[in-house]
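Scroll down for the structure; my scribbles are underneath it.
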Amino acid sequence: MKRPLALVGFSYLLALTVALFFGERLSPYLACGASILFTIFFLSKRLRKGMVLSASMLAAALAFSSFSAGSSRLACVENLHGIEAEISGVVVDLPYDENYRTCYLLEVRRIENHAFPANGRILVYAKEPIADGPGDCVEGVMRLLLPDGNTGPFGQRASLAADGVYLYAFPVEEGAISVPGRENSLWISILSWKERLYDAADAVFSRSDSAFVKALLFGDKHELSEEVQEDFRVSGVSHLLAVSGFHLAVVTQLLTLLLRALRLPRPFCVLGVAAGILLFMATAGFSFSVCRSGIMCLILLLGECCFRRADTLNSLGLAVLLICLHNPYAAADAGFLLSISATAGIALCAGRLQKAMERLHGSDGVLHRLLRPVYALLASTLGALLFTLPLSLPLFGTISPAAVPANLLMMIPSSLLLQLSLLTVLAAAVAPGAASIAAIPVSWLCRYLRSCAAFLSGLPYASFSFSGREAFLWLGCALFLLGLAVLLGRGRPKLRLTGLLCVILFLVTLVSHQFSLRNVTCCSVLSSGDGISLVLTRNGRAAVVGCGGYSQSPLLRELDAQNVKELDLLALVSESFEEGSNAGHTLEKKPASVLLCRGESLANATLLSGSEKAGETVCYGEGYTVFLWDGAVSVERSGDFVRILCGNERILLWPEGAGEDTLPEDWKDCTILVMEETPDSLSDFAPRYGIFCMDEDAVSRVWRADYSFLPLATEDGAIEIRVGAGNTTQVRREL
């Protein structure tokens, strides 16, 4: 084996991903199967050659066993969902604001009369501050809730478990929460130093620049505006705001230059750089991507000490193996997987792509020297994009062509900004006056990067949706063609021809998908928790009916997936405070031609602010009727109920707390019933489908009833209703 650590590390990670997909119940059986295959491959002389298969199966068996043992920590908290208990714990991270609450990460010391995993954590959401900062001990009665979703791959529960967080907590009486003392530790001291750096950044930079610098240096995006985050995401450079290999490489280079400038002996330089890397990893929170890149940098330094050159793929495999051995749920972290894929793509493809580009004009002359850095950056970008595509399509369902020019225009300025801002913040923590001059170029660079991201994200097709069955079909065909090229190429696979075929297949799939949706009305009932949220689309136009649920995020993700920039209509359904807040946030990102709501709903400051982005705000009395898209769709309201008419479909929305006496008699004749709560009696209704827009607990209570219709639950994923030509209807759940 040329790269044993790469083989073992990637096999271990792949096995953990498979275990996440199938769940903890099947993990022991998968471990047994992998152990049997390892035994067969090891004992067979023909299959034992090179030990590749044996090592892979051994790594897989260990991964399945590790996941099965680790998942017991997640299972033991299931019985704590919904209870109120006295909790004692320590704040182990800097507090931040989220959804109008202050969020504290609490490491639990004790939950009254209940067992809890050792060193397990909970996220506490409080309306008022309950602690000063890291190290404070907190005691009080809190209500515990499991995160939404299941323990499937990349679900919220699994991704939080990767960080050791198992439950959400809400104080029952915030005034009764006490802080009996403090705990001190090395980690608390590091957090105090990080808080001091935050204060230094706030003192020397403007508010917007400080938020940007914190995101760039520490990966903390809580203060960064959603608009800036969205611009970076759409333009394909969101990795600049997530501390990873790029940041560690820049910091390592900066520390090396500074220590060598002091003319220190080589061993002291190496030790100083290693200490700086560890400190930077700590201030960035030891996230998985930071740990991956930090371990690789430390291996590189170790190789320099031993006068050996570290192999990139072996270093990557060892880093992956160490992280996954420590935490089996690391495979549930999408950022970690994308970081690994991007690094592998750069290591395997960047050099070859750069050589191919340089051959276009020869290797001599001034032009070659000028273009070589551009080619290196372009090759790294293309290599990373190529290897992250199989992950980004299933996870996000979008492709960002703007990522190529964005990386060319922003990577070098980001590197300069990272070095300057780090030195400025360190100087500001010691001598604030001396750092004020250095803050000027930092501000210029921040402004340039924000403007560049905003410009590129506003370009047509900077990012577009490619998701669902079509994306999975194309991805499967592309991987099949690549595998076929490798198998039939006999050491010289025809990658150019394969790439051309993949591009042609992609264009054909994209065009055929768009053509299939022409003059088709799509109604997507979103998975947003306990609330009704619908998106109507037809020929590139969109309307939103209902913004219920725990957040506006599912709604914005769906609109982004449909490449929607503006709405023709946004209508509230339940008129609750939460729905008004979600609608206000949605309008900030997606302006609407018409906002429909009750007058009293505008008492919500968030909705009132968002209504300024609407072309017209209409406050209705008892009801309304709105026709959309040349009468293809009509949205009606009577009392507490909303009905959508499209083709032969009559979709009735039943919000929570609706008074059945306000429901018109003829509206009971519906074909699809969308419910935030179930009616007292369903005898007067005869829909073909009943869609429950409820959380997991509510669905489990109503699911066992005997219904005359086909029951569906958004808790299992969004449901799409397509009404096409001839008024034919498809009800489907997107992958």
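Note: Cβ is positioned from N, Cα and C throughout, glycine not excepted.
The annotation domain 'DUF4131' is assigned in TrEMBL to 30-166. Annotation comment: TrEMBL describes 216-489 as domain 'ComEC/Rec2-related protein'. Annotation comment: TrEMBL describes 5-22, 28-44, 240-262, 274-301, 313-330, 336-353, 374-396, 416-441, 448-466, 472-490, 497-515 as transmembrane segment.
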Q.
Could you give me three numbers for the domain 'DUF4131' (30-166), the DSSP helix, strand and coil residue counts?
A. 55 helix, 41 strand, 41 coil
Q | Range from 5-22, 240-262, 313-330, 336-353, 448-466 with most C-beta pairs under 8 A to the transmembrane segment (374-396) | A | 336-353
Q) What mean pLDDT does the predicted model reach across the domain 'DUF4131' (30-166)? A) 84
Q. What same-chain residues lie close to the transmembrane segment (416-441): Cβ under 8 Å, and 6 or more beyond its ends?
A. 196-197, 199-201, 203-205, 209, 213, 216-217, 247, 250-251, 254, 449
Q: Could you pull out which residues elsewhere in the chain have a CB under 8 Å from any CB of the transmembrane segment (240-262), counting only those six or more residues past its ends?
A: 215-219, 221, 224, 229, 232, 268-269, 272-273, 276-277, 280-281, 284, 287, 289-290, 292-294, 296-297, 335, 339, 342-343, 410-411, 414-415, 418-419, 422-423, 449
(Q) Suppose I define contact as three or more CB-CB distances under 8 A, residues 6 or more apart in sequence; do the transmembrane segment (274-301) and the transmembrane segment (448-466) meet it? (A) no
